[in-house]
Amino acid sequence: MERYICAIVLILAAMVIALRNLSKSYETAEGRLEVLRGIDLDLGAGDSVALTGESGSGKSTLLHLVAGLDRPDSGEIVIGGRDISKLDDRGRAGYRRTEVGLVFQQFNLVPSLDVAANIAFHAKLAGRHDPAWENELVERLGIGTLLTRYPEQLSSGQQQRVAIGRTLAARPGLVLADEPTGNLDEANGDAVLELMLSLSKGTGSTLLMATHSRRLADWLDRQVHLRSGKIT
Amino acid sequence: MTTWTVATALLSHWRRRPLQFGALLSGLALATALWSGVQAINAEARASYTRAAVVLDQNGLANLVSSNGSSVPQSAFVRLRRAGWNVSPVVEGDYRFGTTRLRVIGIEPLTMPAEAQTIDLGNAGDLLSFISPPGTLVVSAGTAEKIRGQTDLALRVSDRMLDGAAFVDIGLAQRLLRRDGELSRIVVAENQRSGLEPLEKLVPTLSVREPNAETDVEHLTESFHLNLTAFGLLAFAVGLFIVYSTIGLAFEQRRPTFRTLRCLGVSLRVLAVLLLAELVLFALAAGAVGVAIGYLVASLLLPGVAATLEGLYGASVPGTLSLRPEWWVSGFAIAVAGTLVSSAQSLLRLTRVPLLAAAQPQTWGRSWQAGRRFQVLAAAALLALSGALLLWAEGLEAGFGVLGCLLLGASLLLPTVLSGFLTVMQRTSSRALVTWFWADARQQLPGLSLALMALLLALAANVGVGTMVSSFRLTFVGWLDQRLAAELYVAARNEGEADRLRTWLATKVESVLPISSVDAEIRGQPMQIFGVVDDPTYRKHWPLIVGLPDVWDRVASGQGVLVNEQFWRRDRLRIGDQLDLASDWKSTVVGVYSDYGNPKGQVIAGINALTSRYPQVSRLRYGLRIQPDQVADLRSRLSDEFGLPPDNVVDQAALKEQSRRIFDRTFLVTGALNIFTLGVAALAMFSSLLTLSEMRLPQLAPVWAMGITRRDLALLELLRTLVLWLVTFIAALPLGLALAWVLLAVVNVEAFGWRLPMHIFPYEWVRLGLVVLAAAVVSVFIPLRRLAGLAPSDLLKVFANER
């Protein structure tokens, strides 16, 4: 147990993020579209940062690059002293498995698994399955009665609570959230965000959240605004 | 114009999904192809039976036959002529010319009604040579070629004659067939004088067989054609699974389009009519391709079928196919009917779903899953019905009913069995990825279950028919070893040569076994009575099923006879039953022997008993017992001494080889249909996997995002397919064995009259398993390549907020 806690502390301590001159473009029908142009950003361990901007400003792309889901055209993504943009497919998969937690607007739960299995899924993949911690999360998220249900049988708010539970159950050093309340009404959205913030603070995770909403962005420690692929 | 605009919007779905469109058309085309191919074969064979019946049996006219199945006395014909009836006598039976057995039909050309005159004897010279000694055989060119040199009779070739038959003068036929004073039937002309004394008064023991009644050959081959039809139906059903699943998904995928069109003012009626028109159009297009492929399949299979019918039933069917308009029409009709049946549920749902219901391609699978309880109930009912039919029903149709209910019931049960298996595996696994693997496999089940059911049917048919054929082959080979005990078989060309042969052989071989037989009618059925000498060969080798302990003593002394299995089963004979073999010959059944490949009943009596009733019985053929190392020497000495052609002296090995070749050829068609059905099932699987692969991204992307590489996901996808195939294959084994048992113990007994022991052939399962493995890998290859080649940007679309 002691060794386990030490490992988590080491991961969290190492989770200092530095993005250097990050650029990304896509081929579209109208030609090449530059989505990110020379992004520089630093995040400390335990920071919570809101990434704001209009639709198409590059928020999601930036999150995808930091999550290791995609590769930049140029620039560095240094996390804990390691440039993850240089990792191969397998290396980036390992990084996502053990170091990052993702929360999406569309929830993206595993449809074939019930709520209990969804919550434990990422933690088990990361090798950090902790039933006691998962039970605590379930209790705090208020989804104890839903454990045997499948994602399709849940409301949007319930699905997002499960998605947050799944992410935090793995105790990731970095939580990336892309419009996590975008599909929820205001009251539900506020409740879910409050939970996510308090839980991620409690685990000491760094949080980078993309949102349209200035109101929600105010809840986080810091705000970074993106416009046309640049930080303004 | 408006209609055309709506139609364009509907059809755009297929333009964007060419693979789905291809799956729909190919499924329908293949289903139609196998069905119409089988129908073409059946139609060709039946047309040929009818042709043969009209030409050889004067089946276009009424015939008088004996009411109890025995011969018609010639005196009946004389009485009818004297009473003024326009009738003509016919006697027919099999006669061997050297090594060639022909159906000899004796007619009386002067009284034969003009409408039944098959051969032209209008010329006085032709008529004279036909009715004058030594007589003329009117045969086809092919038959003439075969028997040239085997007979002293004159040969006349007629284009209208069918192979394997010969017309002769009735007097000659009675002499050849040893049926003096007997007739087989009397042909009744259509035009009769008025005021004649009624037939039932003149000849009360005879009954009228109406024109175009079912012929013996049609009756005998009925089971074979029913078999082919069953296979055709099975393949058609397997093909329809593809169509059903593709149409179901396409309707769900197009639901947003339907909703938009309805919101834009398109009435439900217009929408339904357009969708129906679209389906009929596709059915006609696929039907045309299917009928063309069916023609090709039928052309390829027909020579094999012709050989089978010739080998099993002696029915002559040409090996070439003619294009029949009714066959084209039936091909299109079945394609359209199949499409409408497959789409009925989707069309019905379209009319019931509320206008604003959301499109949910996933519900396509879930709604199917919801009906699983009903499926289980239906499966239980079908399996119970199958058992009930097995226990209480009789006849060939009941046998096929047992098979149909068994196969359909088991296939309906498969999704529940698979779901149970996957649930157990999921519950017993603790690792996250393994748990997800089983859970995800279970989630794919609704989308794959139709294809897996089709696969189960095809595999079970393969295992079942394969086991039946291999059991048959094993039994047949063993039976041949017993039955063909003589080392050499020799046939003299005439009785004089036969006499000299017997004398010459007496000192040169261990025993001479005459093969003498006569055609007879016993219990109303055409039969052969063989005569055997009392020889240890029979006591040691003859394949008896049941018999009294002193069976051979009783046969030798003329106190009893043996009957073949098909006669025994058909007439429910028992040991000790009395048989009327001829008017003055009664004997007791003392044993039963197996006689595979012979559609007719057969009786074996002591040679003395036979020759005393039929002194003129042919004694041309003999089996010779000698030491195996002396066979070659004796063959050459027979050739030197008697100048016998090679075909008249056949050794045991050659005869066995020939029999095995005929056997294998007989089941060539079954094998080919098996492979076709398996091919269609593999296509069904491919089409389902391809369709599902389009819906897989939202299921796979979250797992990829949590750190599983695309390569690993592709490998898991392959493994999942293999597991589902493997479980289906394992489920198909007991079902296939049950199928084989029903075929051997019920269908074969009803169809052929013999029951075979069932053997198990695990090696064949391994071979089939490897074929299945290869097919599984092929079926998953394209979807897998698609998945492995996915760019991260494709997967990222799943997470994009503005999808």
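Glycine is treated like the rest: Cβ placed from N, Cα and C.
What TrEMBL lists as domain 'ABC3 transporter permease C-terminal' is B:230-353, B:674-790. Sequence annotations record features per position, and here TrEMBL assigns domain 'MacB-like periplasmic core' to B:450-605. Look at TrEMBL and you will find B:228-251, B:263-286, B:292-315, B:327-348, B:374-393, B:400-425, B:445-465, B:666-690, B:722-744, B:765-784 tagged as transmembrane segment.
When Cβ distances are compared across the two stretches, the transmembrane segment (B:327-348) makes contact with the transmembrane segment (B:263-286), since 3 or more pairs at least 6 residues apart fall below 8 angstroms. Taken through DSSP, the domain 'ABC3 transporter permease C-terminal' (B:230-353) splits into 107 helix, 0 strand, 17 coil. Within the chain carrying the transmembrane segment (B:228-251), a Cβ under 8 angstroms from the stretch's Cβ atoms is held by residues 13-14, 17, 20, 23-24, 26-28, 30-32, 34-35, 37-39, 41-42, 279, 305, 334, 338-339, 341-343, 345-347, 349-350, 361, 364, 368, 400, 403-404, 407, 447, 450-451, 453-454, 457-458, 461, 669-670, 673, 676-677, 680-681, 683-684, 687-688, 691, all 6 or more beyond its ends. Each residue in the domain 'ABC3 transporter permease C-terminal' (B:674-790) gets a DSSP state, and the totals come to 98 helix, 0 strand, 19 coil.
Remote same-chain partners of the transmembrane segment (B:263-286), defined as residues 6 or more beyond its termini with a Cβ less than 8 Å from a stretch Cβ, comprise 3, 6-7, 10-11, 24-26, 28-29, 32, 247, 332, 335-336, 338-340, 343, 347, 350-351, 355.
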